[in-house]
Amino acid sequence: MLPALARTSLRASHVSAAARTAVAARHLSTSQVNSDVNRVTVFGAGLMGAGIAQISAQANLKVTLCDVTDKALEVEWSGWTNPGSCSPLSSRTRQAKVTTRKIKPTDIDRNGLNIISKSVARVAKKKAPEDVEGFTQRVLANIETTTDTEKAVSNTDLVVEAIIENIKIKRDLFGYLDKKAPASTIFASNTSSLSITEIAEACSDARQANFAGLHFFNPVPAMKLVEVIKTDKTSEETFKTLYEITKKMGKVPVSCRDTPGFIVNRLLVPYMLEAIRMIERGDATAEDIDTAMKLGAGYPMGPFELLDFVGLDTTQYIADGWVEKAKDGAVPLELVTPPQVLKDLVKKGELGRKSGKGFYDYSDAKK
Ligand SMILES: NC(=O)c1ccc[n+]([C@@H]2O[C@H](COP(=O)([O-])OP(=O)(O)OC[C@H]3O[C@@H](n4cnc5c(N)ncnc54)[C@H](O)[C@@H]3O)[C@@H](O)[C@H]2O)c1
């Protein structure tokens, strides 16, 4: 491991000559990594990005949350008892480009700062019941927001990308960031189904050594697991740094090669698709399959409850992507071909919990 060089010392006005030399050497090297991560930039202030920003801030890292739209970064003040004296934003954050347009209720579930504010308050009740407000403010004070992509990475140790699941858009973003971020900054993608290698190839060879996957699970603050994904080019130092930083974030890291679905989805998606094929063949009902897997295999949810939770469109999207990969032999075609029942439900807009109906009906809100 490289000797740790705290970023704070880089910003101090009295940076020593030795430190300046060390920094210069690091920037000249082709694949050096800043293994002392203090600043994290998260791209995408949606469901996952908000969670990643939150756990990073809880670990006392300085976080910049960046999105293309202000809508994802606005604050719904009504959740705060006394917004005047209890602003959830630090002074640095207030200087950032945060607008206060009234947001529609439909925006709220995908709005990063609202997701974080509510979630941190829940964590605070458990972790610091005697000082919920103080805990919440300390965490939120570690987060600043911006829509300025270049500024967001000008001085960061780690970039975690959690934007839309689209390879071209992810590659465009990383290709741009590669030119703007310090050479030692580590890049990580939270993609669920895309190849980390293919995303990383948008960057220079040197950056590809500092590039890996960090696959968090939803909801991020509650789910302990993170899959750390190594490509053939990921350096050992990058991998180790990510492994350690996820532990600092309170997670349990596991290591996996860059293979479709990594560990969890590689096993889970074919299992869910086979459960759908079982009802297509008339082997059993969705209810009985769910009961069987909960009581017989000890799973907390049955496959159809899980499908409705994940979203049927998301599942079909992953399966469709893997059908393409099957052509290169990366995954067996029969395991990943989306069943007709799944395609029909997606076509009808019955996507699971989020649309009110999927394999189960949620309109009475009992399920
Ligand atoms: N939702 C899940 O259960 C889950 C679980 C694990 C991993 N993932 C992965 O995490 C990523 C994000 O998923 P999500 O559910 O949080 O999505 P989301 O739709 O909730 O949020 C995506 C956010 O990214 C923003 N965005 C789009 N392009 C951007 C850009 N160029 N720069 C900055 N921001 C940009 C959007 O405005 C939006 O706010 C995807 O790659 C997804 O596969 C999702």
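Positions of Cβ are set from backbone N, Cα and C atoms, glycine also.
TrEMBL annotations: computationally assigned, not manually curated.
Note that this is a predicted model, so its numbers are computed, not measured.
As written in TrEMBL, here are the features:
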- 40-75: domain '3-hydroxyacyl-CoA dehydrogenase NAD binding' (DOMAIN)
- GLY44, ALA45, GLY46, LEU47, MET48, GLY49, ASP67, GLU165, LYS170, SER192, ASN218, LYS354: NAD(+) binding site (BINDING)
- 96-259: domain '3-hydroxyacyl-CoA dehydrogenase NAD binding' (DOMAIN)
- HIS215: site 'Important for catalytic activity' (SITE)
- 261-362: domain '3-hydroxyacyl-CoA dehydrogenase C-terminal' (DOMAIN)
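Note: the domain '3-hydroxyacyl-CoA dehydrogenase C-terminal' (261-362) comprises 67 helix, 3 strand, 32 coil (DSSP; helix = H, G, I, strand = E, B). Of all residue pairs in GLY44, ALA45, GLY46, LEU47, MET48, GLY49, ASP67, GLU165, LYS170, SER192, ASN218, LYS354, the annotated binders of NAD(+), the farthest apart have Cα atoms separated by 25 Å. The Cβ of HIS215 (site 'Important for catalytic activity') has ASN190, THR191, SER192, VAL226, GLU227, VAL228, ILE229, PHE262, VAL264 as same-chain neighbours under 8 Å, each 6 or more residues away in sequence.
Across the domain '3-hydroxyacyl-CoA dehydrogenase C-terminal' (261-362), the model assigns an average pLDDT of 96. Across the domain '3-hydroxyacyl-CoA dehydrogenase NAD binding' (40-75), DSSP helix (H, G, I), strand (E, B) and coil residues number 15 helix, 9 strand, 12 coil.
The Cβ of LYS170 (NAD(+) binding site) lies under 8 Å from the Cβ of GLU161, ILE163, ILE164, SER189, THR191, LEU194, ILE199, ALA202, each of which sits 6+ residues away along the same chain. DSSP assigns HIS215 (site 'Important for catalytic activity') to a strand segment in the three-state reduction. Candidate binding-site residues: GLY44, GLY46. Fewest other C-beta atoms within 10 angstroms, GLY46. DSSP assigns LYS170 (NAD(+) binding site) to a helix in the three-state reduction. Neighbour count (other Cβ atoms within 10 Å of the Cβ, all protein chains): 24 for ASP67 (NAD(+) binding site). Remark: ASN218 (NAD(+) binding site) has LEU47, MET48, GLY51 as non-local neighbours, by Cβ distance under 8 Å and separation of at least 6 in sequence.
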